[in-house]
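Participant: Structure incoming, see below.
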């Protein structure tokens, strides 16, 4: 009978043998999550792994892959929970202590594996070594034993979660009487006061170096480890009641220390009690209530928050310093345009996805959007009566949330910061996502259009009083936070004096005082005139003093407002200003609408600065164009090659480090990425330059493709972009000015370019539209697409940051849904009791209708 069964199975599998592969080195086996959904082996339908591509699919999506590829053989993985390994209270204590989600370490599982042959769904239980052909047995064994796709990533990938140090449990601490004061720290070897690390074995306080968190230092902490082999150190300025940044010199990575509170108390540092003493140990003269910490206020700690479930109320798991991604995606998918683009078109996106959907941006955005909005993954978990009794009230009925691993891996690919496992700036990620949406929306609706607006910049020559008006595209306004405008300035001055006195005398610092700044002061600082360095006046044909003011040439449908809370410390690490802004629920910016050239104003002549060529370029293999060296150094400090930074700044027309950074990301895979900047067209003009003024061939030759791509990504036609660059010696900033002052002669080209976006209720394609938003009547349709309208807005979401630096801490967001505020704190989604609007970092407004 066994022989007959083996013969039957062998005969059954013969037609499919050429399609069954054994995973090779470099193959990723997606056996933990579906490419189109968040189904996993733990899901009701299990997971199907293609035995040719090793992609994973839930029951709902495996048929699509079969129809598209003809691949018939899949391994079906199903995991059944047998029992909880630990008592329920221990599971939750572990979860809270390590900030972990429930996983395979908390439960005992029984795994089931089968081979399934489509379309008849013929099942072959595994293992079946004797009955299956040898190749099939080897392939099945390799898939079953392969690590999950994300555990197979390179160490720098942000898929790798921070692990518990092997030294944490058995760490030896010396009884040497060392006690660490609450302030006044400095390196014991060089007296540096920034980037300080406390060795958890002997209490030595020493400076770090560049190797870990991007901050400066002399490396004395690492030298100390090499001399003593004491493995763990904690960064002093990251200690909060919720934990601290711990680094293992021996393991050469950031680690978790579950016993960090005990290890710190050995040196007199009690995280919770020290916080309590700081809050309660100081009272102002008017007996004001002690300030509650930023962490507690933003997370609404101590309140009995009611968990919510269903469509739009799904949490996002924190994969290890990934909360900035979760908050940004929660807000984006609360916007109808993103919902319509990615979730409304779900089936079309899935049907036309490439053979590897894990590498397709639209597919992964649709997957996350559907996961957040479907309600499938937002259900109360089943708990026993015992768990209900021992759980803390605020942690009852919390959902597991969805895990954005695939999207995270995709958007981080090739990015030096987002591909790391460090905390990042939510604002930087938001602009990065908008950029990816722009790039992947060619020929289709672009949901990021709702953020795009035009800024009118007016520059005036102080000597001649003449002016020049230009327009640029932007997606976010950054509001300064002028400390000098604080309403509690006297209290701030008194606190600063007490803080300095406490530091000099090695005493506990006074209770911090948070600056309270009116929102109107931030807006006023944004609109104030600013000096233009190295302004070249075309009226004087020389450098002069210039003043620039900015106004809105159009108002976006959704307005992003960032409060500039972060500055740089002496070690170039971003540090946050402790301030509160009375951000309004309703905002009217109509008074900031740009007016354009006034009748009383005289324009500066439309002349460009003269092109200065070297006196003798013969025998030279490169020229030295004018480059913003400050922007170059800012990029180089991020770790990019110096020559690549110079090229990035040059090819983006000295338009700032952000534009140059985008150029670097787009070209870092090129073989000559780090080669020196060379401009052969300015060295060997060739015979075609005889008719060009001053022999400047850049005006005649085709502009750099990078510059063309930047302009076309803004919505300008390719031919018009090339014409503008040629007319301005390939200077992007002046090319933008030229485009707005030289509308296209051929209107048909403009219309064909605009045809990429189909008109709908939210697209303003002609001047006869009766919606709230229209294209500005004085603007040519060949410009970038903007959804202009009234400048009246209502606040609907904000992202808040806790911690002293963008490189550490935690992000949460609050979103107003169905008339009520909801807090999204990783996988926890609850109704908000007191939304901390004054402590936000990024604010999101939507336009009010004119009715």
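Each residue's number is its place along the chain shown, starting with 1.
Each Cβ is built from the backbone N, Cα and C atoms, and glycine gets one as well.
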Participant: Which range, 662-682, 683-703, 704-724, does TrEMBL list as region 'Disordered'?
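Facilitator: Region 'Disordered', as annotated by TrEMBL, spans 683-703.
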Participant: Out of 746-787, 788-829, let me know the one TrEMBL marks region 'Disordered'.
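Facilitator: Spelled out, TrEMBL records region 'Disordered' over residues 746-787, not the other listed ranges.
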Participant: Tell me the Cα distance separating residue 810 (active site, proton acceptor) from residue 323 (active site, nucleophile), rounded to the nearest angstrom.
Facilitator: 7
Participant: Which of the listed recorded positions (187, 190, 207, 323) has the least company, meaning the fewest other Cβ atoms within 10 Å of its Cβ?
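Facilitator: Ranked by other Cβ atoms within 10 Å, the recorded positions 187, 190, 207, 323 bottom out at 190.
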Participant: Determine which residues of the same chain, besides 187, 190, 207, 220, have their CB within 8 A of the center of the CB atoms at the recorded Zn(2+) site, and list them by sequence.
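Facilitator: These residues sit around the Zn(2+) site: 188, 189, 191, 192, 196, 206, 217, 218, 219, 221.
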Participant: Taking just the CA atoms, what is the gap between residue 207 (Zn(2+) binding site) and residue 810 (active site, proton acceptor) in Å?
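Facilitator: Each residue's Cα considered, residue 207 (Zn(2+) binding site) and residue 810 (active site, proton acceptor) end up 24 Å apart.
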Participant: Determine how many residues of the domain 'UBA' (626-667) DSSP places in helix, in strand and in coil.
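Facilitator: Final tally across the stretch: 29 helix, 0 strand, 13 coil.
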Participant: Far apart in sequence but close in space: which same-chain residues, 6 or more away, have a Cβ under 8 Å from residue 220 (Zn(2+) binding site)?
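Facilitator: Sequence-distant Cβ neighbours: 187, 188, 189, 190, 206, 207.
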